[in-house]
Amino acid sequence: MKVAPENKDEVSSVSSKIPVEITREQLSQIPVNAKVIPIGKEKGEKPGGVRYMVLILTMTCLSFMMSNVICFNFTVLCMPGTGESSELSENKTHYIGYNRKEKTWLFSVVAVGAMFGLFPVIIGISTYGIRKVFFAAGMLTSVTTFLVPIMAPIDFNLFLLLRFLQGIAYAACMPAVGAITSSWASMTQQGLFIAALTTFGQLSSVFSMPVAGELCVSPFGWKSVYFLHAFISIIVFLMWFAVFTDSPKDNRFVRTMELVEIQKGKSNAATAQVHEQEPTPYLEILTTPSIWGVWIGALGDLIAVQLIHIYSPVYLHDIGGYSVEKTGFAAAVPVLFQFLMKMFAGHSSDRITGISETTKLRIYNSIALGASAVFLVALGFVKEGQGMAGLILMTLATAMFGFNGGGFTKCAALVSRQYSHFVMANVQFLLCLSMLLCPLLVSYLLRNGTIAEWRLVFFVHAGILVVCNFIFCFLATAKPAPWTDRTLKPSASRNTPLYTLKA
């Protein structure tokens, strides 16, 4: 194959493009903007789309792992409490269900499980690779989801244990996003991959909320929600395991041209296999200001997103006046628009030229957090019974979060490169923390479920968004950190770790 620079400035002394023959070992030397021309046996070969198959399968797996967790967010409206009779009659038209304390435990224990599972996941990925770790997590979430409708009516503690195990499996989500983006996305598709792979929160709600709403009022009942999710989860994880490899180099479906497209412009360290990589520089990562900007931006975003994911069915049902069946569809509308916006943002952030990458990160993150804060404030002034107005404002607020695909999540990938699984693992920790903090915060503010209390909930979350976005914009950069490649020199103080390993 041949490589020719597209930038005329790079070959100003030459009137025409000069082809250069390369080997696979020289892929890291290819500039990102170079044009690859196949020769010899590779002439006529198309790049192929295995990376897109990996992207779609991973998106599906992540979505169902999340769906298995949020099933309870909806079925809590239509399932009996532990020990409560499942029979309904003319005198008993609905279940008493779980009390507020039990609901808080069932919501929060998933986050606790994910926190416990995070460290084993990080070590597992560094030792065995993402393929084995993520597949094991997929099997765990499938089995525990299948057992929920069997164990929940029998014993509350068993139900808590299953939710805890779902959380342990869920801990693999964000590390998988980081690892797969680092190894399978080309340098010109970082935004697309990171945005697409972080849509699992939206896709899970778009599928689970309407399906749960329909099944809850159907003859199949609430138990069928869990059985269906468990069955689909097993199928998609088996498909993913059959196609995915930790490195595109080892994938029998990947053609040479596609491998070149994926790896051009990446350093040798970034494309090394699991057993060839240098030990993760944990202290250097933990002391890099730009990484802290990513984490603070993520914390603000995730706390507000959890508010929508966990409490949108409750708000639309209690304040908006939607029925149980309509609540499922109504709750899916905001996250559907967020998914579409996230895909647009991820793709457009890769394509827009004329402004620096760092400036784009700040603009996209400000739209994601700042615009959402404005709509949350407006949502606080919606009156009881104005279901459509509440749904529209909730949809706008949620859709704006989609721009984080070109904000802090893309910043994490650009700065940390081959170590993005660790940076995203800490985003996973913050996600778990937000899952824990949001129910506690809302439970504290929302004692009686009045309009005034809902207004306070929205105002507090809007304030958190504004503060976190300001800190991110101050610390953000798009340049790789020096610990990703020891030949790089620090470009700015915000990208320079306070602690540096000595050679």
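Going from the start of the chain as shown, residues are counted 1 onward.
Positions of Cβ are set from backbone N, Cα and C atoms, glycine also.
Listed in TrEMBL:
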- 52-480: domain 'Major facilitator superfamily (MFS) profile' (DOMAIN)
- 52-76: transmembrane segment (TRANSMEM)
- 105-126: transmembrane segment (TRANSMEM)
- 133-152: transmembrane segment (TRANSMEM)
- 158-180: transmembrane segment (TRANSMEM)
- 192-213: transmembrane segment (TRANSMEM)
- 225-245: transmembrane segment (TRANSMEM)
- 291-311: transmembrane segment (TRANSMEM)
- 323-341: transmembrane segment (TRANSMEM)
- 362-382: transmembrane segment (TRANSMEM)
- 388-415: transmembrane segment (TRANSMEM)
- 427-446: transmembrane segment (TRANSMEM)
- 458-478: transmembrane segment (TRANSMEM)
Segment proximity, the transmembrane segment (458-478) to the transmembrane segment (192-213), 3 or more C-beta pairs under 8 Å: no
Whether the transmembrane segment (458-478) meets the transmembrane segment (362-382): three or more C-beta pairs under 8 angstroms: yes
Proximity verdict for the transmembrane segment (427-446) and the transmembrane segment (291-311), three or more C-beta pairs under 8 Å: yes
The transmembrane segment (362-382) versus listed stretches 52-76, 133-152, 158-180, 291-311, 388-415: most Cβ pairs under 8 Å: 388-415
